[in-house]
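**Student:** The structure under discussion is supplied below as structure tokens; questions concerning it will follow.
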Amino acid sequence: MIKKIGVLTSGGDAPGMNAAIRGVVRSALTEGLEVMGIYDGYLGLYEDRMVQLDRYSVSDMINRGGTFLGSARFPEFRDENIRAVAIENLKKRGIDALVVIGGDGSYMGAMRLTEMGFPCIGLPGTIDNDIKGTDYTIGFFTALSTVVEAIDRLRDTSSSHQRISVVEVMGRYCGDLTLAAAIAGGCEFVVVPEVEFSREDLVNEIKAGIAKGKKHAIVAITEHMCDVDELAHFIEKETGRETRATVLGHIQRGGSPVPYDRILASRMGAYAIDLLLAGYGGRCVGIQNEQLVHHDIIDAIENMKRPFKGDWLDCAKKLY
């Protein structure tokens, strides 16, 4: 029977992580469980840096961006001997189960601990929206709001100078954030990793827009696809229109979470405790069709496919 749990945040931070921690902590305490917060993700777990959390530990946290427990990259956690030390630290503290909030790398760590016999529940916390088994991740909608605000501001100056703007959006190898921002921001063109990209085809589309009388344009592109400064120079050379690149960078990860992310994080945090009390371990939580769901974390990582939002792309193209 579970009496004490641990909670950590891992990988890149996302708005709503604090709300998720709060959801875990307060739900666990309501059910009579003790909660230990683990600093700096798997690194802190390995180094045995933990703190007892109570209701007041998470007061005034639901509106704060980032993660008050901290996060860190710790690739050494792939080493089974490192994980064995981590499990020993958990057992030494009397911790019976672990809630991990983070992205796919964090899920991998939780999966490895599960394979070694320690029960874990994964909550999807990343702005990239690239986690299998869930429609949306904690932080996605806040990042979307940040990106759209930036695009709106760029549109003001681009229209004033009849300029083309290339905006690089986070997402790693998932185009969801770029696609959503392109639709909500009214971008004229969108480039995502799920679809083959040609600079020449993009330029031809831009030229076609200019021929129709378009005075300015915004191109939204997912990071890692190309050097956006070089792309901007290429567009300017081929079209004769002044073109500038803007890399939004880590500003997309910050800020107070929007209400949807606060609600999603709170629901998922509480649901994680429900699962643990029901005897589940080695699960990852998601939301599908607005219903909370859970999947075997090993099956989710190794076998589940994440569908591309092709209908979003079709919509964006119709609105060019």
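Sequential numbering from 1, following the chain as shown.
Heads up, the Cβ atoms here are built off N, Cα and C, so glycines get one too.
For reference, Swiss-Prot lists these features for the protein:
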- Gly12, Arg73, Phe74, Gly103, Asp104, Gly105, Ser106: ATP binding site (BINDING)
- 22-26, 55-60, Arg155, 186-188, Lys212, 214-216: ADP binding site (BINDING)
- Asp104: Mg(2+) binding site (BINDING)
- Thr126, Ile127, Asp128, Arg163, Met170, Gly171, Arg172, Glu223, Arg244, His250, Ile251, Gln252, Arg253: substrate binding site (BINDING)
- Asp128: active site, proton acceptor (ACT_SITE)
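Are these features on the surface or tucked inside, and what are their neighbours?
**Tutor:** For Gly105 (ATP binding site), the same-chain residues that are 6 or more apart in sequence and have a Cβ closer than 8 Å to its Cβ are Ser10, Gly11, Arg73.
Sequence-distant contacts of Arg22 (ADP binding site), defined by Cβ-Cβ distance under 8 angstroms and a gap of at least six in the same chain, are Val58, Met61, Ile62, Ala265, Ser266, Gly269. According to its DSSP assignment, Arg22 (ADP binding site) is helical.
Contacts of Asp104 (ATP binding site) defined by a Cβ separation under 8 A and a same-chain sequence distance of 6+ are given as Thr126, Asp130, Ile131, Lys132, Ile301, in order along the sequence.
Residues near Met170 (substrate binding site) in space but far in sequence (CB under 8 A, at least 6 apart, same chain), listed by position: Ile127, Asp128, Ala143, Leu177, Thr222, Glu223, Leu248, Gly249, Gln252, Arg253.
When other Cβ atoms within 10 Å of the Cβ of Asp128 (substrate binding site) are tallied across all protein chains shown, the result is 26.
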**Student:** Once the chains shown are all counted, how many other Cβ atoms turn up within 10 Å of the Cβ of His216 (ADP binding site)?
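**Tutor:** Taking every protein chain into account, the count is 20.
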**Student:** Provide, as an integer number of angstrom, the distance between the C-alpha atoms of Ser106 (ATP binding site) and Ser59 (ADP binding site).
**Tutor:** 25
**Student:** What does the structure give for the C-alpha distance between Gly12 (ATP binding site) and Ser59 (ADP binding site)? Integer Å is fine.
**Tutor:** 23
**Student:** Please report the number of other Cβ atoms within 10 Å of the Cβ of Tyr56 (ADP binding site).
**Tutor:** 7
**Student:** Please find which two of Gly12, Arg73, Phe74, Gly103, Asp104, Gly105, Ser106 have the most distant C-alpha atoms, given that the record lists them as binding ATP, and give only that distance in angstrom, rounded to a whole number.
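**Tutor:** Pairwise Cα check on Gly12, Arg73, Phe74, Gly103, Asp104, Gly105, Ser106 gives a maximum of 13 Å.
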**Student:** In angstrom units, rounded to an integer, how far apart are the Cα atoms of Val25 (ADP binding site) and Phe74 (ATP binding site)?
**Tutor:** 24
**Student:** Measure from the CA atom of Arg172 (substrate binding site) to the CA atom of Lys212 (ADP binding site) and give the result in Å, rounded to a whole number.
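**Tutor:** The separation of the Cα atoms works out to 34 Å.
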